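Q: In case it helps, Swiss-Prot gives these features for our protein:
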type: BINDING; residues: Gly194, Ser195, Thr196, Gly197, Ile198, Gly199, Lys200, Thr201; note: ATP binding site
type: DOMAIN; residues: 181-354; note: domain 'Helicase ATP-binding'
type: DOMAIN; residues: 386-551; note: domain 'Helicase C-terminal'
type: MOTIF; residues: 303-306; note: motif 'DEXH box'
Amino acid sequence: MTTNDLFSIYAFSNMYDIFPRKYSQKELEEYHRKNPLFFSYTIFPVIKHRWSKAYICFQNNVYMLNIELDTSKPYDRVPIQHLIDIRPISTDIKKEIYKISDKTFITFECYSYLKCKGYNSIYDITLDDKRGLLSAGNILSIFSSNKQMPEKSSIGILKNPKPFTVIKFKSLSLITQLQIFELLRKRKQIVVTGSTGIGKTSQLPKVIMWYNYLFGGWDNLDRVRFDYISRPIVLSLPRVALVKSNGINFLQSLGFSDFEGSPVELRYGGKTEHTTRQHDGIVLSTNKLTSYSLSNYNIIIVDEIHEHDRIADIIISVLRKNIDTIHSLVLMSATLEDDRDRLQEFLPDVEFYHIEGPVLYSIKEIYVKNKYSYDSKAYTEEEKKNISTTLNWCRPRNGMCGILFLASVSQCISYKKYLEKSNSDMDFIIIHGKIPDITEVLNAVQRPGRERPCILVSTPYLESSITIRTATHVYDTGRVYVPKPFGGDQLFISKSMMTQRKGRVGRVSKGIYVYFYDMCLLKPIKSIDHEFLYEYIVYAKKFKLSLPNDLLVIPSDKDMLKKSEEYIKSFNISFDRLFEIYVNYFVNMVEYVKIYNKGGKKAENLDMFERNDILTGETLKDIKNLQLLVKINTTTRRKKMYCYKGEILFGPYMNTVIRLSSKQLYRNYVYMLTERSFTLYR
């Protein structure tokens, strides 16, 4: 019998094929005969959730714990030393008491408490000791089995007023749960992969939260210790919308309607959806907010690692150097085609676990070939025609929707305008990360009773961890706009990104994935080579990382890394202060730290500009004073627009050639306001 089998009685109740269970003393004896360690690990959740304020008292000739009585009343304490050598004379299973002398008894739970207080090893726990552990575990509702029980049996397990939702996903199967339990018990770094739609993001964190609820706080489950450190787990996500949507899903599936008093907390953009949190719950947080509170968590889950979100990569790099400060690191992605070898090399004790199983429903693939090569000027127009024609014979039913993946916001606007002309019987809705009421827009798309089909014309924003219940079709152009300092490139996506896009369907019904590109063009994207490197440097200094070798992804241009570090040092602001600024503000331009460092109204107004695009006259003046100059070398007029070619005159990217456009005529120089906007030089 494996250790996994010993933990099968603690599996999280998915209410599909795993249900809450209260075991009898007779069943305990049967399990004990199979393996003396069965139910011994119950000691840990009982210490944490039942015995934390327990003491022995004596009532009506029975030694018992105060928690077995009316807890609102005080009782005289009995010192443990007075009872340390007692042994049962006889056992009354029905009353759950041992007789220890002619007229004196002790409850099973009190006896377990008394004996376990003196143990150092899980192997010391006997059958007599486990009887009280079983009683306490039944009260806590921490056991489960495959014996079907009514949904209401899950009420109250986590103080939830309503039942757990019935979940069929493979991520909550017993096999998956036991494997994850084993890896967590061994304190491995765990990399979880599996098809999109099997519940990695929506369900697996509940298994990890449940493990932490039961056993979190102990590094070694073979040792019995009554002292522990209780900390929550965190599910770290790249975008606010993912935090919100997954948070609501967790809340409702765990039987809650309100965050207050639940085990679920949301943290994003300076907001916290919670006031009173359960200590062993789950925090859903944006990567940025996770990054500066790593020590607050027992287990850290980083999702969508294939995206190589800058802060996510930094979190992994920091934790690799400080792995002993947490219990476990869990990384999740639909696929690791581009990253497995590096993670194997980078993490000290990593284990890869793939959750087998297809998505819930089949996905049909259709290739619509573009007759022009991608480098042809005619490619884009042909692509638009192909999409428009395809929507005539391959479209969602009324009330359902499709997702059209495009590279950028400007492309979304252009394609929507084109497609509406020839598809007037469909609704086209643009989706991207800057839409302020994105959750409401997506909810409206999914509301019952919609009379027309709709197409969500989306940037890669919808690529990950958002389930659109009415989505039946994906139309993929296979491209993504990758920003780079003072510009950007449109690239073909990686295989990982393609897998994510395809996985937007097949979750709630059969799906169709239509792709308008040659899959031979897919290749990995090394995000760090397209990014400013300042944030990597600030975090590296804070957490004593050695650059570049301690980074998960090492930049190709190491000279730029050195130049960027020297540039930051020239600000004469301590790295501790820089870190504080970076974790509290967006800092889209590194030079903004000079304004944020002043604090007060100046910092407040700049933050308002970065978050809400509200620019005051004072903030405009402050940004101009940073002298972020661009020299205009050439000017070309196209219709009503002026197109400029210029070069950067500041920082490590000095002399970088950039292209700007505006309806206004500028001469000689302009000030950069943001990486993407500029104003008159005066």
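Just so you know, glycine gets a Cβ as well, placed from its N, Cα and C.
Note that the structure is a prediction, hence the values are computed from the model and not measured.
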Q: Which residues does Gly199 (ATP binding site) neighbour through Cβ under 8 Å, counting only same-chain ones at least six apart?
A: Ile167, Phe169, Lys170, Ser171, Leu172
Q: Across all chains shown, how many C-beta atoms besides its own are within 10 angstroms of the C-beta of Ser195 (ATP binding site)?
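A: The Cβ of Ser195 (ATP binding site) has 22 Cβ neighbours within 10 Å.
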Q: Ile198 (ATP binding site) has how many other Cβ neighbours within 10 Å of its own Cβ?
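A: Excluding its own Cβ, Ile198 (ATP binding site) sees 25 Cβ atoms within 10 Å.
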Q: Name the secondary structure element type, per DSSP in three states, that contains Lys200 (ATP binding site).
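A: DSSP call for Lys200 (ATP binding site): coil, neither helix nor strand.
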Q: Taking the Cβ of Lys200 (ATP binding site) as the centre, count every other Cβ atom within 10 Å, in any protein chain shown.
A: 24
